[in-house]
Amino acid sequence: MALSNLSNFLDDVDNYSDYQDYIYEDVTSVWVDPSHDPKDIARILSVIIYTVSCVLGILGNGLVIAIITLKMKKSVNAVWFLNLAVADFLFNIFLPINIAYTAMRYNWIFGTVMCKLNSFLLILNMYTSVLLLTTISFDRYISVVFPVWSQNHRSTNLAYLACLIIWTIGIIMSCPSLVFRDTAQTRNSVICFSNFSLSRNKSYQALALMRHRTVNITRFLGGYILPITIITFCYIAIVFNLRRNRLAKSKKPFKIIVTIIVTFFLCWSPYHLLNLLETEPGMVPPSVFEVGIPITTALAASNSCMNPVLYVFMGQDFKKFKVTIFSRLVNALSEETGHSSIVHRSFSKISSMTEKETTVL
């Protein structure tokens, strides 16, 4: 390929369509003192967030997967939490690649295939997580509002089928990353970016912008607006039903799952907002994206380590320091009976605690 065409293409990437899925590629040549460069500060902060997320995510989600598969009785809630943990863990094990890429000042050394796969896994994690949280909310809604139907039809087989559908939808919705992610040689490094034009020809800018808008708006609607609308409706209906029937025996019914949902949207909201603004060139100064995209992407990625931390810190027995982390996780992941509580099994070899009633979800 002619050097002039590549130069034009890279200028296009820098000035018009640096449309990456979650990593900002710095292809500018202007040198700024790193100690005062907002982009470098954002890069360092991103490395820190990625590293913490990777360590906590691999350990925490790995432990959740082990507990559910080896120690807990199979239940509908166990199916939900297992799939949430698997989605997060799958992304966590690839985070070291992000850490290296960001630490190396966005020099991609892992090849085009890994460039595509790396982005694919983040978007897959987003879709599977939000679809699972939406399904869990709908499951809670059915259990509270239609308890008889739920008692007769709610089963682990149905939950596994729902998860299979969720993973299928997530994979399909994440495929644009496999299509558009690409690598290119810049002046001093190799970048991993979204080549929405699927060409090095500058004349394809309009087509690239249309594809970029389509992908980002689809993610915004399917991965944010629609789920949060359904989830909000479900929990408003749940609270209304519990108050009307005076069934809420806890001051914080469903507190763990509600906190997980709120945390998810707090982590992902800046990412969706910035990516949506990116589809309107000129509306926001480029410097906002240069600094904001690395940070908002790292914040979105950090959600992959949040759930195990929430299970531990929001467990009923957190303030009792004799309780092991293992027992807290079992407590938080236990299936509820009726609207408020169940008695979970005592793990005598793990903890000295006696069997007790727990209130979760």
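Each Cβ is built from the backbone N, Cα and C atoms, and glycine gets one as well.
So that you can see what the record holds, here are the features copied from TrEMBL:
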DOMAIN    60-311  domain 'G-protein coupled receptors family 1 profile'
TRANSMEM  41-68  transmembrane segment
TRANSMEM  80-99  transmembrane segment
TRANSMEM  119-138  transmembrane segment
TRANSMEM  158-180  transmembrane segment
TRANSMEM  220-242  transmembrane segment
TRANSMEM  254-271  transmembrane segment
TRANSMEM  291-313  transmembrane segment
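Count of Cβ pairs under 8 Å against the transmembrane segment (41-68): among 80-99, 158-180, 254-271, 291-313, the largest is for 291-313. On the 0 to 100 pLDDT scale, the domain 'G-protein coupled receptors family 1 profile' (60-311) averages 89 in this prediction.
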